[in-house]
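Worksheet: the structure to be examined is printed underneath.
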Amino acid sequence: MKDNFSFAATSRNITSSRPFDNLNATGTNESAFNCSHKPSDKHLEAIPVLYYMIFVIGFAVNIVVVSLFCCQKGPKKVSSIYIFNLALADLLLLATLPLWATYYSYRYDWLFGPVMCKVFGSFLTLNMFASIFFITCMSVDRYQSVIYPFLSQRRNPWQASYVVPLVWCMACLSSLPTFYFRDVRTIEYLGVNACIMAFPPEKYAQWSAGIALMKNILGFIIPLIFIATCYFGIRKHLLKTNSYGKNRITRDQVLKMAAAVVLAFIICWLPFHVLTFLDALTWMGIINSCEVIAVIDLALPFAILLGFTNSCVNPFLYCFVGNRFQQKLRSVFRVPITWLQGKRETMSCRKGSSLREMDTFVS
């Protein structure tokens, strides 16, 4: 182990693949870790606290979503099924945060053994992809509801029963490299047993760059293309609709929600994927700047943290803003929800079919 590595570098191995052993193996990019920087790890002291905060808030709001779905009587809507699975993926992702908070608290010393390292590392990756994939499904579903309202009215819940297993299978496949390579390795210089991606030494750089680019493409670029295309298509369609009075208010609400969904996804995940892409470039030898590597090491823990906050935001974007959320909450818990009371605009029964379908955004 070379003596120029800092604690911060180990953070890449929570969702990334910077190695901490076998650094002299052939096939690696020596310039990526020949830097002499050793930034302070003082900033890591705040990470566990922030992880626990996200865990508590995110777990609470997603539990409410899951409870509403499980207690809902009658047939389930396609959009409700997607929201339930999104909340479930977020819950499972958030459930891993206490372990990673402990990992940070002990300066990357994994205390839970190699099996838990492999299982929870894979669990985190699987549900991260599942959450992003279900956000994409929600975007496509809402696009269909607004652009093709008559066809969407004929949708049956059983149609979602095909999509949901497919999404979970895709998430499982995306997490297979993590399940295969994640393991505990002793880092003598740091005096820790780190939970890392233990790629073959002779191909470490290639594997690290490949996995990083895979996460960029499957976890951000492709979903963002779908999400942005769907919501800008909705915006274009609704702006062509002549709406007045309450219909216009509803239309404006939908447009704001469309923008909020796109912005939330970008704000939460763009920093992580930019740093992951830069990390891939260092492994490929395209970037050899020690300053860039230092920035990646310093910023990545907070970028990962920001990505996890998306799991806290999702219930507010897809469930809590609904016109019927207060009524659903009352029917399930049978208590007055005075803190949720506010002005609710009732849509006209004579509005166009496209505007009727906009209720899928706020229901």
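Numbers run from 1 along the shown chain.
Glycine is no exception: its Cβ is also placed from the backbone N, Cα and C atoms.
Some features that Swiss-Prot has for this protein:
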type: BINDING; residues: TYR103, TYR104, ARG182, TYR204, LYS215, ASP279, ASP297; note: angiotensin II binding site
type: CARBOHYD; residues: ASN4; note: N-linked glycosylation site
type: CARBOHYD; residues: ASN13; note: N-linked glycosylation site
type: CARBOHYD; residues: ASN24; note: N-linked glycosylation site
type: CARBOHYD; residues: ASN29; note: N-linked glycosylation site
type: CARBOHYD; residues: ASN34; note: N-linked glycosylation site
type: REGION; residues: 324-333; note: region 'Helix VIII'
type: TOPO_DOM; residues: 71-80; note: topological domain 'Cytoplasmic'
type: TOPO_DOM; residues: 141-159; note: topological domain 'Cytoplasmic'
type: TOPO_DOM; residues: 233-257; note: topological domain 'Cytoplasmic'
type: TOPO_DOM; residues: 321-363; note: topological domain 'Cytoplasmic'
type: TRANSMEM; residues: 46-70; note: transmembrane segment
type: TRANSMEM; residues: 81-104; note: transmembrane segment
type: TRANSMEM; residues: 115-140; note: transmembrane segment
type: TRANSMEM; residues: 160-181; note: transmembrane segment
type: TRANSMEM; residues: 207-232; note: transmembrane segment
type: TRANSMEM; residues: 258-281; note: transmembrane segment
type: TRANSMEM; residues: 295-320; note: transmembrane segment
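For the transmembrane segment (207-232), the residues of the chain that approach it from at least six positions outside its boundaries are 15-19, 128-129, 132-133, 135-136, 139-140, 142-143, 174, 177, 181, 197, 199-200, 258-259, 261-262, 265-266, 269-270, 273, 276-277, 279-281, 283-284, judged by C-beta separation under 8 angstroms. Below 8 angstroms of C-beta separation, residues 12, 15-16, 18, 132, 135, 139, 208-209, 212-213, 215-216, 219-220, 223-224, 227-228, 231-232, 234-235, 287, 292, 296, 299-300, 302-304, 306-307, 309-310, 313, 317, 361 of the same chain, each at least six residues beyond the ends of the transmembrane segment (258-281), sit close to that stretch. Of the listed binding-site residues, namely ASP279, ASP297, the sparsest Cβ surroundings within 10 Å are found at ASP297. Residue counts for the topological domain 'Cytoplasmic' (71-80) by DSSP state, with H, G and I taken as helix and E and B as strand, are 4 helix, 0 strand, 6 coil.
Among residues of the same chain six or more beyond the transmembrane segment (115-140), those with a C-beta under 8 A of the stretch's C-beta atoms are 14-15, 79, 82-83, 85-86, 89-90, 92-93, 95-96, 99-100, 163, 167-168, 170-172, 174-175, 178-179, 182-184, 195, 218-220, 223, 226-227, 230-231, 261, 265, 269, 307, 310-311, 314, 318.
Residues TYR103, TYR104, ARG182, TYR204, LYS215, ASP279, ASP297 are listed as the angiotensin II binders, and the farthest two of them sit 24 Å apart at their Cα atoms. In terms of DSSP secondary structure, the topological domain 'Cytoplasmic' (141-159) contains 15 helix, 0 strand, 4 coil.
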